[in-house]
Amino acid sequence: MATPHINAVEGAFAETVLFPGDPLRAKYIAETFLENVEQVTDVRNMLGFTGTYKGKRISVMGSGMGIPSCSIYATELIKDYGVKNLIRVGTCGAISTDVKVRDVIIGMGACTDSQVNRLRFKGQDFAAIANYELMNAVIESAKVKGTKIRVGNVFSADLFYTPDPQMFDVMEKMGVLGVEMEAAGLYGVAHEFGARALCVVTVSDHIRTGEKTTSDERQTTFNDMIVMTLDAAITL
């Protein structure tokens, strides 16, 4: 039952999918944390895998960069493959001075400069928020592991290289914790088609201070975030 962008067979995906932007990161997650792994799709090298984690079936697939790419894969996973839970896992740039590099941010809501949710909501503003059950599961997992997390709004940007850096001042004033490029679109798709979605990201750099993590620090923090998220996923 291939779609235009996924060539997996029916039933290839678990109900819960971890959803990093980078397909090679999806491969890394599958090979590092899952058992009995099978690659289930590879159209346009957007790799997807299904395996087990602590005995529960879990999938992981790349979403690509930005809301348009993420929305395509999220829509097909939900509508054509019956996926119920999509958890974006990735990195972001911090905005708030209270947020530090290596912190983990849970995107309770996603602001955006994209028009996609207005297009699907008849021109009105749509509250792009995470699913409470998914969010609570990850928060509880973080408590068990002692992982430092921040819960609040992220900003899903259409442009990586923004022509208006003064917008960062507005974001900080409004309490935005970090900037990424997918969550608002993912939340919109999930609400439209009756699925559940969440964005969990590590802070790889601080937009305001210029501080950046090293590659080793980034990998360690990412691994901790993935374990925390997988432990939450098996409770769903």
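Cβ from N, Cα, C; glycine included.
According to Swiss-Prot, the protein carries these features:
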| type | residues | note |
| --- | --- | --- |
| ACT_SITE | ASP205 | active site, proton donor |
| BINDING | HIS5, GLU180, MET181, GLU182, SER204, ASP205 | purine D-ribonucleoside binding site |
| BINDING | GLY21, ARG25, ARG44, ARG88, VAL89, GLY90, THR91 | phosphate binding site |
| SITE | ARG218 | site 'Important for catalytic activity' |
Densest Cβ neighbourhood among ARG44, ARG88 (binding-site residues), 10 Å radius: ARG88
For GLU182 (purine D-ribonucleoside binding site): intrachain residues, at least 6 apart, with Cβ closer than 8 Å: GLY21, SER63, MET65, GLY66, ILE67, CYS70, ARG88, GLY90, SER156, CYS199
Residue among binding-site residues GLY21, GLY90 with least C-beta crowding, 10 angstrom cut-off: GLY21
Cα within 10 Å of THR91 (phosphate binding site) - qualifying recorded positions among HIS5, GLU180, ASP205, ARG218: GLU180, ASP205, ARG218
Which binding-site residues sit within 10 Å of ARG218 (site 'Important for catalytic activity') - Cα, from ARG25, ARG44, VAL89, GLU180, MET181, SER204: SER204
Spatial separation of ARG25 (phosphate binding site) from GLU180 (purine D-ribonucleoside binding site) - C-alpha basis, Å: 16
